[in-house]
């Protein structure tokens, strides 16, 4: 089984590429979706996060107030590392389980969609790395316009991630998403076809 690591900075369009590939028949493990499940009320991960970052992160129903966690965790490298030290091992365990299930089911090409593929040390799980690349200033605009983030918050989150240059240097393939959605769709489909052909 060939495992493709799909990554990119916040606001790069990485998840859009994952959806395009799913439309082409790709099986995708979504690290963000795993993280959301691990943060559901009653989970041991959420319990540990609330102990470290404050019980007031939880609402009356025990649900995580995500924006508040982001405000506390992304304020410094130390706090970000603290959050990652809690979440990354649990996410990695779930990803490994997903990979083993896919292998047992005879999946030929598996996609691991992970925003922190390198930072989390999970690039060792994949055979090829695809980076979705967009200039930082364009990502800031997209985060503000499409996700409703404040400009300062958008810049802060981008700063806390690996630099675009470092990501590109570690990539086997780079998809440039500085153009239109139609261009992204064409580039993503062409690359997926290449992967699918290589395993036939």
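Glycine is no exception: its Cβ is also placed from the backbone N, Cα and C atoms.
Here is what Swiss-Prot records for this protein:
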BINDING   11, 12, 13, 14, 15, 16  ATP binding site
DOMAIN    3-200  domain 'DPCK'
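Structure coloured by features recorded in Swiss-Prot.
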residue : record           : Cβ contacts under 8 Å, 6 or more apart
11      : ATP binding site : 134, 139, 140, 142, 143, 146, 147, 154, 158
12      : ATP binding site : 132, 133, 134, 139, 177
13      : ATP binding site : 132, 134, 177, 184
14      : ATP binding site : 6, 7, 8, 113, 115, 132
15      : ATP binding site : 30, 32, 113
16      : ATP binding site : 177, 181, 184, 188
Taken over the domain 'DPCK' (3-200), the predicted model's pLDDT averages 94
Those same-chain residues, other than 11, 12, 13, 14, 15, 16, found with Cβ within 8 Å of the centroid of the ATP-site Cβ atoms are 8, 17, 132, 134, 177
